[in-house]
């Protein structure tokens with residue numbers, strides 16, 4: 001393309017094309033501002049309604065934002081003279097390819113709808129889903145965001161969560177702490193159990209109803225293995241967990257219990 005061709009294009013059609021580009025930019029800026037305003041107003045209205053969960057309000061806002069953005073793009077295409085009917089025909093012709101490429105996204109989107117309808121968890125719940133444990137910070141159109149206990153933000157596809165087992169630790173007001181303690185063969189298990197029950201019950205924030213449970217779980221070559229199971233409110237779980245471990249050590253030390261040792265088989269020679 002020589003300079004003369006460029007000059008002719010600019011003289012005949014360049015001004016019109018430039019006006020369309022400027023108009024498209026203006027429409028996009030104003031359109032995005034209006035969309036954000038509408039979404040913000042909708043979420044504020046829904047948040048004032050106590051019957052609408054914040055998670056559902058955020059989800060509906062995301063869907064509406066996507067639809068309005070699509071309408072904005074179609075309006076900009078019309079500015080350039082591209083008819084929406086032609087655009088729709090183009091999408092229909094490429095439907096098979098798009099369906100194959102976006103099949104996973106559509107599955108995540110559908111799973112997100114089921115998560116909103118069935119409500120196995122909500123924002124703020126502590127769950128295990130898709131093999132990840134953490135606090136739910138967002139339920140999006142295609143993925144759910146968890147904040148793990150080690151402060152890592154993890155995004156999991158909705159379909160992976162929905163098709164797997166979901167454990168919600170926030171539904172019930174309290175949880176049982178699962179710990180074990182091994183005693184030597186020479187230690188009286190009943191004495192160890194009595195000492196641990198009294199010591200664990202005295203730990204701050206350990207629930208008295210149901211009471212802490214300490215029983216013989218199994219037998220090992222080193223000695224009996226005790227199950228130590230106090231109950232605690234969800235907010236106190238980790239405090240009770242670590243305090244119980246510390247209490248087990250202190251209780252056995254005060255009682256003078258020996259450290260369990262693995263028996264060594266002696267073989268006679270000759």
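Cβ coordinates are placed from backbone N, Cα and C, and glycine is handled just like the others.
Taken from TrEMBL as is:
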TRANSMEM  17-35  transmembrane segment
TRANSMEM  56-81  transmembrane segment
TRANSMEM  87-115  transmembrane segment
DOMAIN    105-170  domain 'Mechanosensitive ion channel MscS'
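Taken together, the residues in the domain 'Mechanosensitive ion channel MscS' (105-170) have a mean pLDDT of 90 on the 0 to 100 scale. For the transmembrane segment (56-81), the list of distant contacts is 20, 23-24, 27-28, 31-32, 35, 38-39, 42-43, 46-47, 87, 112, 116, 123, 138-141: same-chain residues at least six beyond its ends, Cβ to Cβ under 8 Å.
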